[in-house]
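As structure tokens, the structure follows; a few thoughts come after it.
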Amino acid sequence: MAYVALCKALYDYVAQAEDELNLTEDDHLYILESDDPEWWKAKLRRLDEHGTPIQDDSDDSTVGLVPANYVEEAEPIRLSRALYDYEAQTEEELSMAEDELLRVYESDGVWLLVKKQGNDPLSGGEGRLGYVPANYVDEAEAVDTGAAPAVEDEYTAADEDDEDDDDTDVTGSGAPIPQIHLPQTAQLGKGDNIKMWPVSALDSKKKKKKGTLGIGNASLFFASESDKTPVKKISILHIASHSLEKGKTLHLQLSPEAGLSESTLDFHAGSKDAANDIIRKIEVSKANALTAAAAPVPVPVPAPAPPAAAAAAASAAVPLPPPPPPAPPVASAAALPPPTRTTSATLPPPVRKNVSFQSQPAAEPEEAVEHGVAMYDFEAQGDDELTVTENEHLIILEKENDDWWKVRNDAGQEGVVPASYVEATDASAAAGASSGATAAAALAAQQEEEERLRREEEEAATVAEAERQREAVDRQREARERGEREEKERARREALKAQPVPAPPKLTQRPSTTDVSRAAKNVAIPQGRSAPERPKDGGSRSKPSPTNTRMWTDRTGAFKVEAEFLGFNQGKIRLHKMNGVVIEVAIEKMSNGDIAFLEDITGKKLNPTDEEIAASAARRRERERERQSSRPQSSAVAGMPREDRERERERRKEKEREQRRRESARSGPKRNVDWFEFFLAAGVDVDDCTRYASSFERDKIDETVLADLDPSTLRSIGLREGDIIRVTKFIDKKYRRDKSHSSLSSSRASGRANANTAADLERQIKADEELARKLQEQESSARRGDSVSPAPPQLFSGPDGTLKNNTRRGRPTPKSTSSSNVDAASLAAASESLARTATPPARTATASPAVAPKRTGSSLANGFDDDAWTPRPPSTKPTTPARPTVASPAPSTPAAPAAPPAPTPPPAAVAVASSAPPADPNSALFEKLAAMKAPSASVSPRPGVSPSPGSSFLGQSQMYNPNAPRGPFAPVPANQGLLQPLVPTQGTGQFVPTKTGMMGMQMTGMQPQLTGWGMQGMQGMQPQMTGFNNSMGSMSVMGGMGMQPQATGFGNGNGYGMNGSSPFTGGQISTQQTGLVGMGMQPQATGFNNFGQNAQQMMTQQTGFGMGSQQQGQQLQAEQDEKEKFKASNIFQQMKTGAFAKDPNAAPQSSEKYDALRPQPTGFQPGGVMPQFTGMGFGQSAQQQQQQQQQQYPYNNAYGGGFGGGF
């Protein structure tokens, strides 16, 4: 922080608050802020033992507020001139020009704390304090010779105008007073009153001493109040000269006769008025003393000497009085010289008026008159004296003392003459002598007087001429000496300038401005004080440069502000005011002169044209239309429901918040570059400058990276092609960037791009090589007949055995990674422990080949699946126990021949081990563990396929058994629905017919059922399989099979349970089973007797829910599977196959899981019963009815069938 001034404390001050400083008289202070006229913020200067200012003082107690009237600006050490131009490098330094006069306040040998002197030599300097290099400033005291010729000419002119004026200039610092014998001050100071003023005396070290200054009685005295120094008393006539400095400091120059060790006295008055009063009093007292010194005050002497002027030696123009003639014998005792008179050497002898003796009547003799005769010639020295010649007749008028007598000559003139020059005579002798010589004496006296006057004029002219010549010689000598000094000074400065300009010293020592700024900011501003209001802290605001400010006026002329122009921002000009505040004013509000000034700076026209005014009016009209159109929307919003209004209100609030965020981001901390002005200077259109400036500020671009910007970077920021060229040229011109730099930047960018391309190409070549090697191995294995099973996806390792990076975005990176090696000894111990553990009970399930689940997530190339942390089912499908056979009661009709047992399918083929080395280095250990596990046998019957609906019922029963266990379904991709047809295969490669969802046709092996009344070839009604299938999953407690197919329909009874009462002939009503199977319910006989011709017997039909031991066994088996799922052997097997912690729904599911989605079988029961017609037929064949039925009901019931009956 730069200092405003260096001041010195005038008085002691005790701080009244924590933010104030304690002051002691003569303490030096660095003034930091002086905006407030009554309180200044200052830092106390500390000195070390050698008197050098301490530069590293970081004590906060040295910064605070001080009263402005308790300090004054300190006196400089010297005045010096700058040898070279110097430009300030930091805020604490000061710029200076060559030959500029500087006031030096401090010096540490390397840096000088200075202030510019300015044009007024009596002022305290201009501007602020600052440091300059000591080797850039002349060490010698500056010689100011600029005003010497003017003073010389003025003195010459004044001398020519007043060459005859010999009065002494008592108001200024004139020539010293001639040495004369002074009378007593008591006599000189009569009538001179004493006046006193409170002042401070300054010693040789510029220390102040309070006291009282008094002037009067032809004396000047000073009484100190701070010490016991005796009162100094000086004659007013010993003050040779006096001057006033800075309006308050009185400088007195004393003559050697003062008898003091100091030749000068300095007093500091409290105000300018008091200083002026002191000057006037000195001049008045000095004039009174000089007048009193010239008064005829006789001084008695014991031995009178010849009369002589006391100051005859001071000037050659005053002649010495003639020596007295020898005393006559008769009057030897009276022949004494006159006493010494105290006269002023600067006053000329009085001019006597020519008095005509004829005009003066002769004094009539009186008897009481005493006559005398002049014994010597006497020249009058004062106005009251009388000039007499030897032997002149005189009349003695008074004898007031023994030294001087008052006489009258024959011409009637009166005056005083020395008593020793006059001899008294008697009256008769005087009368006789005077009667004859009166006329001759009068004529001789007149001639003598005229001669004396002429002689005096000639002598005065001679003296004046000699004085002028002497002064001219003195002036020439002074001019010559001054020229020699200036020549020597010029030669010395030229010699210094001829040397190379030294480098500025390093900033090794400098006042700790950081501590000063911090301490200054911590100063609190007290409130409610009786003392003056404290200045506000303005340290955080930077002030504009005074050289760049100007007066700005608005269009009305009512407001004016002095500020510095910073640039444009969104159609407004930015101004930096003198108090540090930055404001923005619209251009159209500025006066025409300011707009013209801005146009000269920017080179663009800123006054709006007619087209722009019309466009602005059109925009205003458009905005008005938009506001009017938005009003119906507001009314529409008011008519919305409450929920819609709330949503609309939230939407508006979110828009407002977003607008505020943008405004806060736009009004954030400003960077040191005004990008708007930058683009404007580059020639970019004003409308685009704002957008480009916001882009640069958003991307944190500053001046340090401007030289490295290339067209591609500017294009990515959003600049247009033409603006890119303009900005590039402007950057090259402003920062002197040559073409080689641009080419080097482009070459670097292209080199980086080429390097990246080469690295990508190398990686791609390696990946292609690896892929080609794998394809070659697969092709070779295929030619050899080997089946190579792809390596299962690993959770923690990749295909090459390296650990995967299982970290994903959003999860913390693990601090340490586990080793990729597996301890074989630990696995062997685990294997033995598993071998000793009891083998779990074997489970019977439908045998199906193990199908590796297909990866549906991200590829292994990504290193980690997106769903790696979701639960997953085990890789091997748990075996399902065989469903227990539910025994059904024998029907009353002859039973059909039993179906032969289903053929045992061949065992599943074991995958041939690949000849290629295992992809996972731990696969061998996991295979050993899998080999120790007991294999579970599974048997799956192969359902047959009926080629046509006309096959025998026996074949149908062998080909399809609805109660038999079903094979597993094919795996379902994650992105497909569950109701797609699942077609798994057995080891033989043949398809197993599985049905899920709603089918458009009936299952293989099931006969079409005809409904209605058949008129021709009507056969007995076939049994219908009805019941509810568990499709919703909520009835899984009843078992995976849901409701068993139940047989309903007509039996062979006689009509409605009565034999022989039906018009139809046929068998009897067969026993029908209703109720819950396995719950102890007895079968109920329902239905009709056969009522048509050629009707065959109806087989036993089963109805009801099957919830016997089969469902209980399924529940127990599910619980046992859930317990064994988390055993160590199963977990190791899952980790080996890559199915650990995967979604159970993504793996192949159990065959019973989707039974709810299978269509319920309807058709023939074993026994060879033919299809039956129900209802009334109208000549249509059974096949036509079957087709109609299939067209009318293309889908099965959601519950897998419905109710089958004859009604």
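Heads up, the Cβ atoms here are built off N, Cα and C, so glycines get one too.
Looking at 383-415, 1109-1141, 1175-1207, the range tied to region 'Disordered' in Swiss-Prot is 1175-1207. Residue ranges 143-185, 186-228 are listed, and Swiss-Prot annotates 143-185 among them as region 'Disordered'. In Swiss-Prot, the annotation region 'Disordered' applies to 936-979, one of the ranges 12-55, 936-979, 980-1023. According to DSSP, the secondary structure content of the domain 'SH3 2' (77-142) in residues is 3 helix, 30 strand, 33 coil. Across the domain 'SH3 2' (77-142), the prediction's mean pLDDT works out to 82.
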